[in-house]
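The block underneath contains the structure these notes are about, expressed in structure tokens.
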Amino acid sequence: MRKRINLLREFSVPLIAGVVVALLWANLDPAGYHSFIEQPFFGGMSFHFVVNELFMVLFFGIAAVEITQSCLPGGDLNPLRKAVNPLLATLGGVVGPVLVYLGLNAIIGGPELTRGWGIPTATDIALAWLVARLVFGAGHPAVSFLLLLAVADDAIGLAIIAVFYPDPNHPTEPIWLFLTVAGMVVAYILRSLKSRSYWPYVVVGGGLAWTGLFKAHLHPALALVFIIPFLPHPSRETAHLFEADPRDTSTLARFEHDWKIVVDFGLFMFGLANAGVGFSSVGAATWLVLASLVIGKTLGIFAMGYVGRALGFPLPQQVGAKELAMTGLVAGIGLTVALFVAGVAFVEPDIQGSAKMGALLSGGVSIVAIMLGRALNVRRIP
């Protein structure tokens, strides 16, 4: 049974299933679908609120764990010199889509679509990792390279959400951010007292951070991003991204171990709450988001990867021009975070639905990447 569960998680089945159910429901019974996700059902909270503002706290918390571990000595982003090329590629993978989006928006869009520039900046780590292993094989250095830039990419994505996408319906009230700072202080004190349980950090520190962000009209889903780095962890990281170290029983590792499976299966709810858009929603925002993810990511990562090499920071062995281009293409899968940003970037339902459709269609990059990898005879390393 455990093997089957891990297989479902590995292939992102819960997320994909949630997306499919949402699409079918929203197109067959749109009134019923929107009533389900928008009507209050528990303590005045809607299903959409519970998923996007409460469940996603755990999703971004797990992302913060990966970033924290990668930055520790021995981690994939430490020392900085060995991570320079992936970080430059990350920069290209963020700036490239933004430039493509804004450039195309000036041609086929309009001022009302400008706020969507942040949608194509982040990569869906889990789906990109899956597709990369199918294209390159699990042992290919390009897979690790992609994971590094995807994690750094998500860190930038979190910052973009926090800074550039406050609640458009309410002015930001920065005074409440002192509560978020108080949550960080609590987490620091707990660590100083050598508290080994992650519950006080998450409940007290995370609760204060969530309340501060919510009252400030920012995105409370980011609450644990400010708390996770304070969880006790080893002085040195011994495992790579997505690798479990059975010897690591630190508070940080236990939080990830206990909640990652909840997040993986909970993504069914995320897909259900966010992917319900009508097929008629296809519009200018759809093509802006899709083109920015596919073209912007590919060109940006390819260009900056070679800039890094020219500056003396080499690409991994066995990663040449076609492997780097394929890595950029796979990084264009922006499903999860792109859906989230589309939901906060646009208030108008038609534009939001159109942008979300672009994020959903980016999942089709997986098929293109697998076929192109075979056509280009990309060498697979099991």
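Numbers here mean position along the shown chain, with the first residue as 1.
Using the three backbone atoms N, Cα and C, a Cβ is placed for every residue, glycine included.
Residues or ranges marked as transmembrane segment in Swiss-Prot: 11-31 (among others).
Taken from Swiss-Prot, the feature transmembrane segment applies to 47-67 (among others), supported by sequence analysis. Counting residues 6+ beyond its ends, the transmembrane segment (47-67) has Cβ neighbours under 8 Å at 36-39, 41, 125, 151-152, 154-155, 158, 202, 206, 210, 214, 219-225, 227-229, 241, 252, 255-256, 259-260, 262-263, 266-267, 269-270, 272-274, 336, 340, 343 in the same chain.
Sequence-distant contacts of the transmembrane segment (88-108) (same chain, at least 6 residues past either end, Cβ-Cβ under 8 Å): 114, 116-121, 123, 145, 148-149, 152-153, 156-157, 284, 287-289, 291-293, 295-305, 307-308, 311, 313, 327-328, 331. Positions annotated as transmembrane segment by Swiss-Prot, on the basis of sequence analysis: 88-108 (among others).
The transmembrane segment annotation in Swiss-Prot covers 116-136 (among others).
Swiss-Prot lists 145-165 (among others) with the feature transmembrane segment.
Look at Swiss-Prot and you will find 170-190 (among others) tagged as transmembrane segment.
The feature transmembrane segment is assigned by Swiss-Prot to 261-283 (among others), with sequence analysis given as support.
Annotation comment: Swiss-Prot describes 299-319 (among others) as transmembrane segment.
Positions annotated as transmembrane segment by Swiss-Prot, on the basis of sequence analysis: 327-347 (among others).
When Cβ-Cβ distances below 8 Å are used as the criterion, the transmembrane segment (353-373) is approached by residues 16, 19, 23, 116, 119-120, 127, 130-131, 134-136, 274-275, 277-279, 281-290, 293-294, 326, 329-330, 332-335, 338-339, 342-343, 345-346 of the same chain, each at least six residues removed from its ends. Here Swiss-Prot flags 353-373 (among others) as transmembrane segment, drawing on sequence analysis.
For the transmembrane segment (145-165), the residues of the chain that approach it from at least six positions outside its boundaries are 60, 63-64, 66-67, 70, 76-77, 83, 85-87, 89-90, 93-94, 115, 118, 121-123, 125, 128-129, 132, 218-219, 222, 225, 241-242, 301, 315-316, 319, 327, 330-331, 337, 340-341, 344-345, judged by C-beta separation under 8 angstroms. Sequence-distant contacts of the transmembrane segment (299-319), counting only residues of its own chain at least 6 positions beyond either end whose CB sits under 8 Å from a CB of the stretch, comprise 81, 84-85, 88-97, 99-100, 140-142, 144-145, 149, 325, 327-328, 331, 379, 381. Distant neighbours of the transmembrane segment (170-190): 200-201, 204-213, 215-218, 223, 226-227, 230-231; these residues of the same chain sit at least 6 beyond its ends, with a Cβ under 8 Å from one of its Cβ atoms. Through the fold, the transmembrane segment (261-283) approaches residues 5, 8-9, 12, 14-23, 25-27, 30, 33-34, 37, 47-48, 51-52, 55-56, 58-59, 62, 126, 336, 339-340, 343, 350-351, 353-354, 356-357, 360 of its own chain, all at least 6 residues removed from its boundaries and within a Cβ separation under 8 Å.
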